[in-house]
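A.B. asks: Before I ask anything, here is the structure I am working with.
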Amino acid sequence: MVFKSISALVLALPVVLGAAIDRRATVPQECAFLLPIVDDLMNNLFENECGDAAHGALRLTFHDAIGIDPTLGGGGADGSIITFNSTELTFAANDGDFVFLAGSLSLATCEGAPQVKLAIGRPQPIAASPDLLVPEPFDDVNKILARMAAGGNFSPQEVIALLSSHSVAGADTIIPGLAGIPFDSTPSVFDTQVFVEVQLRGTTFTGPGGNQGEVMTAIQGTTRLQSDHNFARSTPTDCFWQSFANNQQQMTEQFAAAFFKMSLLGQNENDLIDCSSVIPPAPTFTGNAFFPPSLTHNDVEQACATAAFPNLPTLPGPPEVVPPIPQADGS
Ligand code: HEM
């Protein structure tokens, strides 16, 4: 069995390298070495799916990049988060670049995600980031906004744009004993459902409830972070949150800009090389946002004082129970 899978891999290799060589013509010479790595990550780490491995790679970008503070230190988007014993992470690309290469590529697996810019050439990280710089889901809105401003000079609007990533995400640690509990009903599509569904009145828990950082959700099988819930219901973020509901273009454009800004934390863009062309486009999303079965505009907890929540169709059928996101091996 082991022999069979190794020989399958060896036989497939010329195809993978061939595809990479074909694309060499379209990427700058300094970026061409990334192409076989791109194919390897897409095929073998992500298995071309917007699943658990892709979600994890996307989240890693945040945890690496936000590890920077004007007084406490930390190198920002420097790759310092990488644990060097992991097999998938020992590629030729510099560790400093690997986190954003993988995170940017993970988006290419998710229908609807923007094609984000990728700059490489980061020096090797110097030290681990200090602790306590990554926001927690039980931190209040002001605390998270202050941390995001101090660490990344992010505005409240940019923070909400970055949280579009929770459209392709779930919780592995918030609910003891449960993994891959999605934040919305479409965790493998980079759509605006998370902005719709978090605005709905919470009525239920997946699991027993009562966990730190978790509040009631509107849809069985999903979970809701207390921080996302509060962002949707507090000034100065509630209207930004609502503005993305059913506005795919606005969400993806603002996410892409904020994500690239995040990739440059602690780096000087002028010292980096633009290798954006190695990132393939994600499959296009053509749908519209919706209310999940049995839920309507009446279930919206309107928070933004200056604009009404959009009217959306309700999907037909009985109330949904969203299945967990299948977990990647060894993730
Ligand atoms: C700003 C405040 C943020 C807070 C408080 C927060 C909190 C969380 C928490 C608690 C989880 C679940 C962890 C677990 O139980 O496994 C999570 C998952 C995730 N977060 Fe965030 N997050 C924030 C911002 C971001 C940003 C900026 C990004 C990326 C650009 C991001 C991307 C993700 C992704 C992709 C996952 C899913 C990971 C997976 O399914 O394996 N988050 N986040």
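Quick reminder: no glycine exception, Cβ is built from N, Cα and C everywhere.
Below are the features listed in TrEMBL for this protein:
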SIGNAL    1-18  signal peptide
SITE      R59  site 'Transition state stabilizer'
ACT_SITE  H63  active site, proton acceptor
BINDING   D64, G76, D78, S80  Ca(2+) 1 binding site
DOMAIN    97-308  domain 'Plant heme peroxidase family profile'
BINDING   H166  heme b binding site
BINDING   S167, D184, T186, D191  Ca(2+) 2 binding site
A.B. asks: So if I take the binding-site residues (G76, S80, T186, D191) and measure from each Cβ to the nearest atom of ligand 1, which come out below 6 Å?
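C.D. replies: Among G76, S80, T186, D191, near ligand 1: none.
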A.B. asks: Averaged across the domain 'Plant heme peroxidase family profile' (97-308), what pLDDT does the model get? Just tell me the whole number, please.
C.D. replies: 97
A.B. asks: Near G76 (Ca(2+) 1 binding site), meaning Cα within 10 Å, which of R59, H63, H166, S167, D184, D191 (recorded positions)?
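C.D. replies: Near G76 (Ca(2+) 1 binding site) by Cα: H63.
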A.B. asks: In sequence order, which residues at least six apart in the same chain have a CB under 8 Å from the CB of the residue listed as 'heme b binding site'?
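C.D. replies: The answer is F183, D184, V194, L225, D228.
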A.B. asks: Return the count of C-beta atoms lying within 10 angstroms of the C-beta of S167 (Ca(2+) 2 binding site), excluding that atom itself.
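C.D. replies: Here the count is 27.
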A.B. asks: Where the distance is taken from Cα to Cα, which of the binding-site residues S167, T186, D191 turns out closest to D64 (Ca(2+) 1 binding site)?
C.D. replies: S167
A.B. asks: Do you know offhand how many angstrom separate D191 (Ca(2+) 2 binding site) and D78 (Ca(2+) 1 binding site) by C-alpha?
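C.D. replies: Rounded to the nearest whole number, the Cα-Cα distance is 29 Å.
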A.B. asks: Should G76 (Ca(2+) 1 binding site) be counted as helix, strand, or coil on the basis of DSSP?
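C.D. replies: DSSP assigns G76 (Ca(2+) 1 binding site) to coil.
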